Structures are given as structure tokens and as C-alpha cells.
Amino acid sequence: MATERAAKKAEMEAEKKKMEARNEEEIRIKMIPIRLEIESWMARDHLPDNMKEHIINCIQHRLEQKKDFDIEKPILHLSKDLITEIKRHICLPLLKKVVPNLAIQGDQNLLEPICESLKPKYYNEDSYILQEGEPLMMLFITQGSVCCFKTSRGDNSMGTDSDTQYIEKGEIWGEELLEWGFNRSSAHKKSVPISTKTVKTTSKVEAFALTAKDLKNLVPMHTRAAEATKEFVKEFFRTHSKENKNENSPKMSEQKGTSRLLEDGAPKSC
């Protein structure tokens, strides 16, 4: 009886190992085209090589958990830390190019939090991203291109060539949203900026987007943190200055001298 149980257990273990081996082989085969696509995507977006294995491992782990993976939208399936790192690598240089042209140079330390607030977006060719008159959105184009135009006749048709603006990979649309977000006037913040043009894709587009709502929530949080830090620093130096004044006062010096004499000349108790 015991021998039969042992044999059955061994058989089950062997079957389990076969199944695990089959699953590993299936994942290995699935990962071949995925790895090639990931390498191509990383090259297009100029992502550093040291990210590759982290991205591959993240995708492989997802497949092992029997979760879906869309090779055309890889960033949607990565870990939060990896997404943040990718956004910083791609979008931070673009932000730094835009900021010198805006009146927000004093808020450079807000650039990384802005990057973290960006949302990855994917659009098909001939898709409307934004209509004229809708709340403005800031777009960081990482693949493809869009055209921005006035809907002169109210029928979504493009205006004249002089009215049309093309935004391509590595460029930003809607940077005036930052001007609005960093304006300190509370009255100014009540009205969300409106897009003066319609934005439409001319090809498949990959982008990162920042909405007025995201920016509106982000700036006060940063301002409160900055003010709290300023108050802490002020209080620290205020206290530190008082201590220095007390130490340098004649009375304190006399007390210190008496104390030193007692320490040096008085007999020490056991």
C-alpha cells in the first residue's frame, strides 16, 4: 500500500515537472518575438540598455501569471517603477527644453513630479485626440505625428495650410498648460484653459499626456511642501541664532567660566 502511494506521488511529481517544463518552453517561444519588439521599441525611444532585462523580466513574469500582454502597447503592462523611469528618461529632456521659454524657471524641481503624472496614450491613425474648444491637454509625442488646426467651418475640416501645425516625435503640444498651472492666482485657476485648435493624428501615435486636472492637483501639493520646508528652515535658523546669542552673552560666558573652574579646581565627589 505504502509502495503504491509512493509510486503515485512520484508519478504526480513527474507530471508536474513535465507541465512546468512545457509552460517554460511556451513562454520561451512567446518571448522570442516579444524580445525583438521590445528591443526595437527601446531603440526607437532611445531607452538605455540597462532597462532591457528589467523590462523583459517584467513581461516574462506577466506571462507566467497567465496575464495578457499587448506588444503594441508595452508600457501599459510594466511595473510602476519601470514606467516612472521610462517617463523620466523620455519626457524630462523635453520638459527642460520647454521650461526656459516659460515663466516658471523658479519651479524646476517640479519637473520630475510632472513627469510622474504623465499618462501613456496610444492613438490610431486619423483619430481625434482633442477638439477645438475642449479642455486643453499637454501631449508629449514619442512616436508618430499629429496635425493641429482651426476648425474654421465648424465641421472638423482643416483650415488653410498657414493655420495647420504639425507636431512630430520628440515634440510637445499644449505647453501653455504649464503657464496656467504655475500661475499663482486662484482666480486664474478657476477657469480651465481651452484648446484653440483641433488635434488629429496623421499616423499611429504614442504619447504621454498631462491634463489640467493632474497639474492643478500637483502644483498646490508641491507648493505646500515647499512652504513647509521654508518654515522649517526659518525656524531652525531662528533657534540656532538664539542659541548663538545666548552663548556669546557676558552672563553666559561668566557662568561658563565658573563652571569650568569648578570642574578643574573643586574636589570631585565619588
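Glycine too: its Cβ is placed from the backbone N, Cα and C atoms.
Looking at 1-20, 41-60, 121-140, 201-220, the range annotated in TrEMBL as region 'Disordered' turns out to be 1-20. Mean predicted confidence for the domain 'Cyclic nucleotide-binding' (102-186): the pLDDT average there is 82. For the region 'Disordered' (1-20), DSSP puts the residue distribution at 19 helix, 0 strand, 1 coil.
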